[in-house]
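As annotated by TrEMBL, S-adenosyl-L-methionine binding site applies to Arg95, Gly125, Asp146, Ser194. The Mg(2+) binding site annotation in TrEMBL covers Glu195, Glu198, His199.
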Amino acid sequence: MHPCKLCGRMISVFLRSNRAPLLRLNGVLNTTRRNTSFSLRYCSSTAEYSSSESAAKKKKTSINPEEVKKFNALASKWWDTKGELKALHTMNRLRVPLIRDTLMKHHSVSRKSRPLEGLRILDVGCGGGILSVPLAKLGAQVTGLDASEEAVKAAAAHMAHDPSLKDTLTFTHGTVEDLVASEVRDYYDALVASEVIEHVDALDDFIGSSCDLVKPGGSLFFTTINRTNQSYYLAVIAAEYIVRVVPRGTHNWNKFVPPEELKEELRANNCHPRLIHGMSYNPFLNHWSWTGSTEMNYALHAIKDDPEATHKDS
């Protein structure tokens, strides 16, 4: 039987026999977005949490402390290629070539064994460094940034086993808002936010800060999940409760981002979408492939306006 049909039958059985869990899940999805009064503030090497409105006004942030807790709990699992995060490892087969080939096309880089040498890349929401490491091995100066201190520690510990990365890869505990507040603007040749924006609280603030960090003419890459009926049943119900390819509670369907919404936010910040690809995941084979449909996962590339050049929307 085709995996998609099998998955569909599994969902049907689950929905018929698990009404109560589904109702509880709907309750979680409906209440999660209401509990967003918390603020994450990064101060040197420590994270401080505040629920006061005054603290939130002092420093804008797109970070949700509950999301940070989720990823802190995964600290020991980031580099288990057969564990709960295995789909992120196999996703590299799509996203690394996409980033490499796009940067080679749009930026002045060589086609040697380290084709991204000389480029600065910020990997936002880097987690344990699953994407940061292969980008650094392609020669780029990569900074992995994450609001989860435990994830950053896991990334640094893994990097310590590979001395070849010491000059091209660093990991930092913080947020894009922290970097902007530190006057780090127009600095990076490329920014990557892979499987991140579906976990932030304020998409407009996150995109605005991300765009501020990229040089004029620089690139922004996103991979995320569309907000559709299909993504609810497959990315939440099937992925978390049936096939269990990701831990329960990983995703909040209400935070999934339709492509047009992401494009609109980018354009509002003088960044113009140039490419969008649908992505398909087979959980039974742990295999990713490109597809013409963006109903589930998709990847998007945008370029920041350069006063000396004009880019057309895709």
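Backbone N, Cα and C atoms are what each Cβ position is placed from, and that goes for glycine too.
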Rounded to a whole angstrom, what is the largest C-alpha distance between any two of the residues Arg95, Gly125, Asp146, Ser194 that the record assigns to S-adenosyl-L-methionine?
19
If I take the alpha carbons of Asp146 (S-adenosyl-L-methionine binding site) and His199 (Mg(2+) binding site), what is the distance between them in whole Å?
12
C-alpha of His199 (Mg(2+) binding site) to C-alpha of Arg95 (S-adenosyl-L-methionine binding site): distance in Å?
19
Cβ-Cβ under 8 Å from Glu195 (Mg(2+) binding site), same chain, 6 or more residues apart: which ones?
Leu88, Met91, Gly125, Thr223, Thr224
Three-state secondary structure of His199 (Mg(2+) binding site) from DSSP?
helix
What's the number of neighbouring CB atoms sitting within 10 A of the CB on Glu198 (Mg(2+) binding site)?
22
Across all the protein chains here, work out how many other Cβ atoms are within 10 Å of the Cβ of Arg95 (S-adenosyl-L-methionine binding site).
22
Write down the Cα-Cα distance for Arg95 (S-adenosyl-L-methionine binding site) and Glu198 (Mg(2+) binding site), rounded and given in Å.
17
